[in-house]
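Have a look at the structure below before the remarks.
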Amino acid sequence: MEWENQTFNPDFILMGIFNYTPTHIFLFSLVLGIFTMALLANTLMVLVIYLDTRLHTPMYFLLSQLSLMDLMVICTTVPKMAHSYLSGRKSISVAGCEAQIFLYVSLFGAECFLLAVMAYDRYVAICYPLQYHSLMNWKLCGLLAASSWFLGAFDGIVELAATLSFSYCGSREIAQFFCDVPALLHLSCTDTSTFETLIFICCVVMLLLPLSLIIISYTRVIITVIRMSSGEGRHKAFTTCTSHLIVVGMYYGAAMFIYMRPNSNRSPTQDKMVSTFYTILTPMLNPLIYSLRNKDVAKTFSKILGKRKFREQIG
C-alpha cells in the first residue's frame, strides 16, 4: 500500500462542489432537500414492500433491493459532503477514502446488474405470463439478486486494491465531493495506464454487458406489447417499460460518461456535475419512477397511512 511516504498530513482534501455565495448556498439547500426526499422515499419503499405480504413477489423484492442500494449510495456520499461544507473541514482520512471507494463502486456495480435482472423479470412477466412463476421463481430471483450484490462487491475490491497500489506524492486535493476513482487518478505520481485499461474492462463487464441484456429484454417486450390485442394491457406494459427505460437511460448514460472517457478528455467541472446527477438525483427519482407510481404500492401506502390516522383518532 503506497499512499505515499508522508510525515505531515496523510489526509486527502475533498474540494466539493459548492462555495459560500448565495447561489451556492441555495444549491446546497436544494441538494439537502433532494437527499432528504431520497432517504424518505427509499426507506418507505423498503418498509412498504416488507410489511405488505401482497407485495412479496419477485418484482417487488427486486424493487426493494434497488431502493436499498439507492439508500446506501446516497448515504455514502452526501453526509460527508454536507459535513465538509457546514464545518469547513474538507479533509478525509485515508481509511474514510478507502471506505467511500469500496462502498460507492460496489453499490454502483451491484445496481448495474440489478437493473438487468429487473429487465429480465419484466421480459418474462410480459412475454411469458403463464410461465412466469416457473421461469422467475423465488430461488432464481434470490440467486440473481445475491449475484448482483456479489459482483458489485467484487468490482469494489478489485478497484480499491488497484487504487491503493498508487503513490500520491503531489497535491492531495480531490476535485470531487467524494473519493471517486477517476479523480484520484489525477493525483497519482505513478503510471496509471494499466489501471485505466482495467477500469475500461470493468466498465465493459459492469456497464455494457448488463445494458446489452436490458436492450435485448426490452426489445422483445416492445415487440410483444405491439402485438397485444388489449389496449389496456398495451398501455400498462408501455407505461411500465417507459418508466424502467428512463431510469436505465439516466443511470447508464451518466455512468458511461464518467468512466468510459479517456483520462485526457476529462473536465473536473463536468465530472462533478454528472456525478451529482447520478449519485444524488437518480436515487431520489428511482422510487418515484419505479415504485411510488405503481398502483399496488400506492394502495399499500394509503392503507398504512389510513391505519395510522385511525389509531391517532382513537388514541
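Backbone N, Cα and C atoms are what each Cβ position is placed from, and that goes for glycine too.
Annotations in TrEMBL come from automatic prediction, not curation.
Residues or ranges marked as domain 'G-protein coupled receptors family 1 profile' by TrEMBL: 41-290. The feature transmembrane segment is assigned by TrEMBL to 25-51, 60-81, 101-120, 140-158, 197-216, 237-260, 272-292.
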Contact set, same chain, for the transmembrane segment (101-120): CB under 8 Å, 6 or more residues outside the stretch: 59, 62-63, 65-66, 69-70, 72-73, 76-77, 136, 144-145, 147-149, 151-157, 159-160, 163, 178-181, 184, 202, 206-207, 209-211, 213-214, 217-218, 244, 247-248, 251-252, 255, 279
Recorded stretch that, among 25-51, 140-158, 237-260, 272-292, has the most CB pairs under 8 Å to the transmembrane segment (60-81): 25-51
Surrounding residues of the transmembrane segment (272-292) on its own chain - C-beta under 8 Å, 6+ positions past either end: 17, 31, 34-35, 37-38, 41-42, 44-45, 63, 66-67, 70-71, 73-74, 77-78, 104, 175-178, 180, 243-244, 246-247, 250-251, 254-255, 257-258, 298, 301
Integer mean pLDDT for the domain 'G-protein coupled receptors family 1 profile' (41-290): 83
